[in-house]
Amino acid sequence: MLLSWLTGLGAGLLSLHFLQKLLFPYFWDDFWYLLKVVRYGIQMEMYKLRGELVTVLDKFLSHTRKQPRKAFIIYEGDVYTYEDVDKRSNRIAHALLNHSSLKRGDVVALLMSNEPDFVHVWFGLAKLGCVVAFLNSNLRFDSLLHCINTCEPTAVVVGGDLLGSIEEILPSLPKHVRVWGMKDSVPEGIDSLQEKLSLASDEPVPPSHHVTSSLKSTCLYIFTSGTTGLPKAAVISQLQVLKGSVGLWAFGCTADDIIYITLPLYHSSGSLLGIGGCVELGATCVLKKKFSASQFWNDCKKYNVTVFQYIGELCRYLCKQPQREGEKDHRVRLAVGNGLSSDVWRQFLDRFGNIKMCELYGATEGNIVFMNHTGKIGSVGRANFFYSLFFSFELIKYDFQKDEPWRNGQGWCSCVRKGEPGLLISRVNKKNPFFGYAGSDTHTKSKLLFDVFRKGDVYFNTGDLMFQDQENFVYFWDRLGDTFRWKGENVATTEVADVLGRLDFIQEANVYGVRVPGYEGKAGMTSVILKPNKSLDLEKMYNQVVTSLPAYACPLFLRIQDKMETTGTFKLKKLQLVEEGFDPLKISDPLYFMDNLKKSYVPLTEEIYNQIMSEEVKL
């Protein structure tokens, strides 16, 4: 009797197992991921109950006390322990306390390349309770000046290799802004912070300078192009920094991992997910000044790297490298990032071995994140029942002719069906707030949708088209608005158009992105109308864009038109131009290509077009 009962129970459990695998194949993946999220939530609540407000800086100081001799940063072969980073950041804090009027709450802009001093200065300023604004190290002239003016800093700290960029705009900076250079010898008008460090104390900074009163207080400004206009300073709260720093842990990284970071630290991926993630874990990172496809695997083997951060373009570059022996002979087990296309994903795994690719999605300033913890190729994550407990989002219909969300006769938005691309929007509430941008409320309000499904509701507009399949996996489709991504960076079309508009022979410039086979994102293209009685100066145009814009923002293709179509609200139409691309056989208008060897734009011939399509000409 007992035997038959046990046999029946076993058969029943086995049947349930197969039924679960058939009907709910991702249940346990989702469930264990949920437990991780709940565990972290409980930890945060315990801090609150004890009256503690723990920040990423607090966690770093805790690790420093527990493991002072452990390597925190490895850079160009040099090892910086947790204690080393703590002491140098103390020196920076004391030097600024003794030689400036900086105080708690002041904004300090940071213009530095990837190097240990980026972290030293960041943490040193955090110990003073300052808000740190990360500036894109590629920016120059008006773009750089715009970002500095936007965040209204009291001071700017500049890396030794970028002093030339700040020197160019020094006369235009507000008089009260003090500029510090991380170099002994600095240009006139800039103070040497490096010079002050030798005499500065490395003793701990009194906690009273940085103890926070609320996790919603501003910690950082990180610049983002979003979907419209010039770069905006996204307000990053202490809470957002904490959330960003748990990404590596949520994907399964541990304190024993060695994490390879080549992404720029001025981006949230490099700073919050990368450096912040190492702090959360108490792990070690290998920091690189720039990504090198030829050096990547050598570094991974040399430093016993187990985890690396990526953007899709990075993985594509690695796949394009010449094959060599022992490509699967490494210790890398996880890769965390975003923007990885399905074809590169498959190619990467086939060539470099069983690495778990942890794709994620999230805007710097956004209030929603997707994390693909199942390894489903091409997906950014899965929206299941458990996920809906934490994030409320919808995919809504979009009117491409009016360039705005579609609304019915009653004024309400409507959701798309599964399999259809729709605009991703996320509910703004106490659980998932949107902190907006520095400066005018206009920028903040422009990212919000009001009265979407009912009177009074508010949603964050991501500006991204996504779709959801029958298994509830979510996929990125395309980006809307006045930006596109190229070389892993957001390009603001209005900024590029403004630079072109300063040329005396251009009447109107319409900037957009076009897809190029073999490349992630979209390459920049501009369609222009010439002023009456003015001729096109291709060399002058080339010089204008390369001196005023970062390399990734320079238009690679140029189209000359007689007239441009506009929408009912007088916005320039882009959709048809994007679809037509840059094929000289399909477009009768004159086309040109940016030739860096000739330092000019040259006619885009059928031969050049074919060389681009076959990747003989590299972009």
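A Cβ is built for glycine as well, from the same backbone N, Cα and C atoms used for every other residue.
Features of the protein shown, as given by Swiss-Prot:
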type	residues	note
TRANSMEM	22-42	transmembrane segment
TRANSMEM	119-139	transmembrane segment
BINDING	Y221, I222, F223, T224, S225, G226, T227, T228, G229, L230, P231, K232	AMP binding site
Hey, which bits of the same chain come close to the transmembrane segment (119-139), Cβ under 8 Å, at least six residues off its ends?
57, 60, 73, 85-86, 88-93, 96-97, 102-113, 147-148, 151, 153, 156-157, 159, 162, 165, 182, 205, 209-210, 212, 218-223, 231, 233, 264-267, 271, 275, 489, 550-552
Provide the number of Cβ atoms within 10 Å of the Cβ of Y221 (AMP binding site), excluding the reference atom itself.
28
DSSP three-state assignment for Y221 (AMP binding site):
strand
Going by DSSP, give the three-state secondary structure for P231 (AMP binding site).
coil
Counting only residues 6+ away in sequence within the same chain, which have a CB under 8 Å from the CB of F223 (AMP binding site)?
A133, F134, L135, N136, C147, T150, P231, K232, A233, A234, Y266
